[in-house]
Ligand SMILES: NC(=O)C1=CN([C@@H]2O[C@H](COP(=O)(O)OP(=O)(O)OC[C@H]3O[C@@H](n4cnc5c(N)ncnc54)[C@H](O)[C@@H]3O)[C@@H](O)[C@H]2O)C=CC1
Ligand SMILES: O=C(O)[C@@H]1CCC=N1
């Protein structure tokens with residue numbers, strides 16, 4: 001006789017691109033059984049790649065959410081309303097829906113799901129790939145502290161987790177969500193500068209990457225304000241002062257401020273267009 005009961009599926013991950021794989025690989029590293037995770041991706045070649053890499057089952061969105069305790073939505077904001085419409089009829093009322101999409105607010109998510117569905121919104125970042133992620137999470141109107149704890153448990157395997165009011169999430173997206181890209185941009189610029197100064201590229205890369213890592217570790221472990229740490233490097237009339245003077249002259253501090261305002265504004269614009277997509281207004 002065949003067993004007709006559904007397989008045990010605890011977590012369904014819908015949308016296995018960069019961020020989806022970041023979460024998936026973290027779960028596997030943290031000891032989750034491949035059998036307790038199912039995932040989906042609308043690109044068949046991507047689905048095959050992840051099935052081979054992690055030994056998980058890749059299936060359809062509707063199949064994935066059936067029997068799942070927790071459903072993670074990791075598609076682009078523009079793809080969210082279609083995905084919600086696909087899965088809404090297949091969700092059990094107790095299933096926790098977790099969205100990682102930038103901008104899309106919990107009200108919009110809840111509006112695309114059955115009434116009372118618990119929803120938690122997350123803003124993660126890619127350093128979770130090396131278990132040094134920073135994620136901020138906010139509860140929707142039907143999510144309880146148990147739901148928040150469940151999401152915290154899932155994410156804390158790959159880094160730190162902060163619970164914040166949802167009104168902070170556009171700013172969080174601008175700082176820690178997009179933040180790795182700004183730092184990679186700085187690293188890239190410094191490596192290039194080293195090459196301009198005559199260093200071989202591999203030497204310049206090693207110097208810059210280790211300087212970035214060491215500086216981050218010093219900040220975290222010393223607990224000192226970054227201005228104090230900067231002053232300790234800056235000898236009167238020395239090399240650092242000469243360089244910092246150029247950064248101030250080029251308004252790099254102001255550029256960071258306006259850059260992050262632009263990211264915050266873009267997050268708000270994505271939220272508005274997701275709302276519009278849902279209501280058709
Ligand atoms: N990449 C990053 O650093 C971060 C991304 N996010 C958020 O994570 C979400 C995903 O971003 P990425 O992974 O970078 O994008 P991505 O484009 O790499 O991945 C999205 C994946 O979703 C799949 N997909 C699209 N519609 C689908 C559907 N209906 N069903 C199943 N699969 C579907 C696509 O084929 C693709 O593989 C976005 O909403 C983004 O705002 C949040 C924080 C950081
Ligand atoms: O660039 C984006 O829209 C996403 C959200 C934060 C990082 N990547």
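Any Cβ shown, glycine's included, is placed from N, Cα and C.
Predicted automatically and left uncurated, TrEMBL annotations should be read as such.
Features as listed in TrEMBL:
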DOMAIN    10-103  domain 'Pyrroline-5-carboxylate reductase catalytic N-terminal'
BINDING   14, 15, 16, 17, 18, 19  NADP(+) binding site
BINDING   61  NADPH binding site
DOMAIN    166-269  domain 'Pyrroline-5-carboxylate reductase dimerisation'
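Those residues of the chain, other than 14, 15, 16, 17, 18, 19, with a C-beta within 8 angstroms of the mean position of the NADP(+) site C-beta atoms are 13, 20, 21, 41, 74, 75.
Each of the binding-site residues 16, 19 was scored by the number of other CB atoms within 10 Å of its CB, and the largest score is that of 16. Residues distinguished by a CB atom under 6 angstroms from ligand 2 are absent from the binding-site residues 14, 18, 19, 61. Sorting the binding-site residues 15, 17 by the number of other Cβ atoms within 10 Å puts 15 first. For the domain 'Pyrroline-5-carboxylate reductase dimerisation' (166-269), the number of residues in each DSSP class (helix H, G, I; strand E, B; coil) is 89 helix, 0 strand, 15 coil. In the shown protein chains, 20 other C-beta atoms lie within 10 A of the C-beta of the residue listed as 'NADPH binding site'.
Applying an 8 A CB threshold to same-chain residues 6+ apart, the list for residue 18 (NADP(+) binding site) reads 126.
Taken residue by residue with DSSP, residue 14 (NADP(+) binding site) is part of a strand. Note: residue 14 (NADP(+) binding site) has non-local neighbours 20, 39, 40, 61, 64, 65, 71, 72, 73, 74, 75, 83, 87, i.e. same-chain residues 6+ apart with C-beta under 8 A of its own C-beta.
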